[in-house]
């Protein structure tokens, strides 16, 4: 989603809808990208990828005995631009692991072994079995918020002084985003080193019954390889899909487990009821390993409690974080729903610290009931996760003002980005967007003079225009997602003046006038799904009910790679 006032686009802008990042996994060249920067930094787009790496010395004692197969990378060797070890070659190799199988398809890569059996065999081939058992892991499942919860956990424990490893999915721009060490995406050099080690070892040992792993299985094995080699003190691992049969569920003895908010999603794979979905998520529970969850609907909570009882798991339900405990600080991840994720992360981190013997060393007299340790506050206020309720300001698009306030062409472009793809997350996204857009308009009204902005004839300041830039995968139901978005925004008095439906990867070429030459040689892109989204949108705005209040100018933008 994006909102703008007096928008002036520049040629060559490459963007993504923010609603589907899975289809184009490994772009090698992009015109612009997003990075882990302060969401309210007005020069964010100019500072992309300018990072300073800070190493944190871990307090936990490592009990791992590393063999040669998991030596950390110490070489400063150069990567040949077009050689076998180049980044483009690695992306091409990874792309070969993408299968055409759709979610819910009962077929498997090999009939002889199930997914988890294959994962165990891949781990053995890489000599990682013993080393994974030594990792001190926080394992998190859920429908909504598991990525945010994991990100909060990583930031908190890093601020406590530990060397952290974080594995999440999907990535937004670069596959290396899935692997963070000490809060930063793994370097290209280290990624290539570990990637090719895993690739060659597996490639040399594949058989008809044990072929190369599909994409997510390979990335999961690679994450374990990286964390073992880099000797992290804590590994925070986000479940990919479900729990019971997820590739990450080869973790046998985590320190603590968490389940974030549950809802109806991935039903073609996990089941068509909340009870079935909850059962899959609870599959990460391990005997007598503490687990934490957030308030759930009764159908889901009953299943979690029953599973916990069967495995003698101490399951605790934690409340959302009370804002007063932040002592005036703000959560770095926007939206009221993040208070729930933050509360879960705090409980998981405290349990991890206690079970590893570090709580008493660091916070012997701390009482989380009343106050959060300063390290926790720093983590909660600095955690970064791209594409989740993220605001990106770009003030570089201002042009010279024309005469008079009515003809002004000056303005800021503001991107509100979120990857919502379920009804529940879409509602949370819409609530956040409405609040953020209103706050910006109010701030502009109080800080800018009328001479620098457009005004209505009655003297009121004209609000910025809200444009929806949208896409979703064809396995999603736009008949549910779009009405949820529009209705929730309408309840807050927020409306869209235009809707643009784009493919997952798209480009923009500026046409300045009707006589401008239209670029030739652009590959034809199948826009049938985008036209389907347009038809759904038209039914919404011309229908009855809350959506009928929306007056929208439709536009389907023909964008191609």
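These residue numbers are counts, starting from 1, taken along the chain as shown.
Every residue gets a Cβ built from N, Cα and C, even glycine.
Worth saying up front: this structure is predicted, and the values here are computed from it rather than measured.
Positions annotated as domain 'Mur ligase central' by TrEMBL: 140-289. TrEMBL lists 169, 238, 266 with the feature Mg(2+) binding site. Annotation source TrEMBL lists ATP binding site at 388, 418.
Within 8 Å of the Cβ centroid of the Mg(2+) site, not counting the listed residues 169, 238, 266, the chain contributes 146, 147, 168, 170, 239, 240, 241, 246.
Restricting the average to the domain 'Mur ligase central' (140-289) gives a pLDDT of 95.
According to its DSSP assignment, residue 238 (Mg(2+) binding site) is in a strand. Neighbours of residue 418 (ATP binding site), defined as other CB atoms within 10 A of its CB across all chains, total 22. Local packing around the binding-site residues 238, 266 was summarised as the count of other Cβ atoms within 10 Å of each Cβ; on this measure the leading residue is 238. Across the domain 'Mur ligase central' (140-289), the DSSP tally of helix, strand and coil residues reads 68 helix, 22 strand, 60 coil.
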